[in-house]
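Since the structure comes first, as structure tokens, the remarks are kept for the end.
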2 protein chains.
Amino acid sequence: MKLTILGCYAATPRTITNPTSQVLEIKNQMFLIDCGEGTQVQLRKHKIKFARINHIFISHLHGDHFYGLVGLISTFMLLNRVNDLHVYGPKGIKEIILLQLKASGSFTGYNLYFHELDSKESEVVFEDDKVFVKTIPLKHRVYTNGYLFKEKNTQRKLNIEAVEKYEIETCYYQKIKSGGNITLDNGEIIQNELLTFDPEAEKSYAFCSDTLYNETIIPIINSVDVLYHESTFLESEAHLAEKTMHTTAIQAATIAKKANVKQLVIGHYSTRYGNIELFKEEAQTIFEDVLLADDGKTFEFQ
Amino acid sequence: MKLTILGCYAATPRTITNPTSQVLEIKNQMFLIDCGEGTQVQLRKHKIKFARINHIFISHLHGDHFYGLVGLISTFMLLNRVNDLHVYGPKGIKEIILLQLKASGSFTGYNLYFHELDSKESEVVFEDDKVFVKTIPLKHRVYTNGYLFKEKNTQRKLNIEAVEKYEIETCYYQKIKSGGNITLDNGEIIQNELLTFDPEAEKSYAFCSDTLYNETIIPIINSVDVLYHESTFLESEAHLAEKTMHTTAIQAATIAKKANVKQLVIGHYSTRYGNIELFKEEAQTIFEDVLLADDGKTFEFQ
């Protein structure tokens, strides 16, 4: 599981910082999460192949989270994209994008699907045989969802020593990984647990931005491997966090601790701060394993 | 008259090139022309004060000319702008911007005026005591206007030697510059032409992008000091210019020559070309005084 931060600063793009966008690579699929202005340039800069992005998840309709989307969709068109593109985001996103494409007299050429969200309950919005994605309803000034990405690991791990001992042919390996027992030529039935180990742990990643401190998300993100949580302000500006419906570093860390997550990545820093290390220092007074997001940073989670 | 090129490449923003946007400074006013994605970052990079931009002219509703507008308008809001902002552009631009502001639950805080255009004839869209701006109807795949910016120089130039010779007090200087005669204490009338020189030439700048080769613009841009004309393709791709309704370097130069302009600036290069010097070489086979636009370049026109 690999996370590339394309941008992780709040409000306005600047010469040195970018608004929110990140790419999650999980089970060999790439998911783009949020798409602030300039995201397509950040994708190019970090050499992420446009064609590998087939699913884009937008948290909410504030500019610093989606003003780059229409440009990216247009660029896909100019690059003669053929793959379907799926966009998940708040109700209203489709009208905004289509109005602009219409005004430019353009057609995408590829299939563009919008999955508009308006539920206040957590729901599965994407699922295939390897991964599912669930919304995490957040509390912000406009309708906002975080997203939980979770691997589905239905395959058991082959015990090579055991299958060789029973001289089982390789053509049966898939059946064994899927949990089946094996009948040997002599009629003896070998139970699956003798031939396999438990599946590897299913990795999970929760993206939560933007939001007020909100304990109702804890059951949804409980025990995730990695939680990205916004941390717009330091404690000295806690009143601004409250007012603008954002979170402080300490609040983000409190959520991480209460949800018993393994690692916390913080970001969405207000551009008023010169030194983002202070966010880590404050968060670590509550929760130890804190990583600082920063534009261009890549995290590999084992 | 000063022109700063924020971006001058066609189609998609890249790490090294930006889509169309430029700032024209004329008579101490700043006009922003087009606003592709990333324009606000380019403005910051080139240290152009946001508060000095009160008028934005959009040529057409293709993304590489206006996808940065909504972000700029939002950033003005976040920076607590107070000045009115005027946006001139094709009919439809207001709905696109307001739909996005509405979705974000935001209000600009400052007055935002849209001047929507749909005329196929050239018309004056802005005028004050120093400058006027006129549309230049262009031929492109969607409704498109270029813009002609022209100084209004109604003031004659004071002949200091002459006014001192007649011992005229400084309080009469404004009257003289406005063309008035002076009656001396002895009753003698001094004609204005003895006290002044002709006004300085009125500077003019024409922005023409995007367009098919189009001679109907020649009377509008006739004899301008500086013509910026798109030049998306080299002659080897003339068929693509025709097909996509763009211009080649030679066609841009032909317009410059026929319109008897003083200088030609070319830009809006297709990103397929590695070396933009070739555009200059081709254009100069037709018209001598050619300048190459490039991102971050500033031209001072005396």
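Positions of Cβ are set from backbone N, Cα and C atoms, glycine also.
Unlike curated records, TrEMBL annotations are generated automatically.
As given in TrEMBL:
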type: BINDING; residues: A:HIS60, A:HIS62, A:HIS140, A:ASP210; note: Zn(2+) 1 binding site
type: BINDING; residues: A:ASP64, A:HIS65, A:ASP210, A:HIS268; note: Zn(2+) 2 binding site
type: ACT_SITE; residues: A:ASP64; note: active site, proton acceptor
Message = With CB distance below 8 Å as the criterion, list the binding-site residues among A:HIS62, A:HIS65, A:HIS140, A:ASP210, A:HIS268 that sit near chain B.
response = A:HIS62
Ask   = Tell me, how many other CB atoms lie within 10 A of the CB of A:HIS60 (Zn(2+) 1 binding site), whichever protein chain they belong to?
value = 26
Ask   = Within 10 Å of A:HIS268 (Zn(2+) 2 binding site), Cα to Cα, which of the binding-site residues A:HIS60, A:HIS62, A:HIS140, A:ASP210 are there?
value = A:ASP210
Query = Looking only at Cβ atoms, how many others are within 10 Å of the one on A:ASP210 (Zn(2+) 1 binding site)?
reply = 26
Remark   = Counting across all protein chains, other CB atoms within 10 angstroms of the CB of A:HIS268 (Zn(2+) 2 binding site) number 29
Remark   = Excluding its own, the Cβ atoms lying within 10 Å of the Cβ of A:HIS140 (Zn(2+) 1 binding site) add up to 20
Query = Which Cβ among the binding-site residues (A:HIS62, A:HIS65) has the fewest C-beta neighbours inside 10 Å?
reply = A:HIS62
Message = I want to verify one value. Collapsing DSSP to three states, which class is A:HIS60 (Zn(2+) 1 binding site)?
response = coil
Request  = For A:ASP64 (Zn(2+) 2 binding site), list the number of other Cβ atoms lying within 10 Å of its Cβ atom.
outcome  = 28
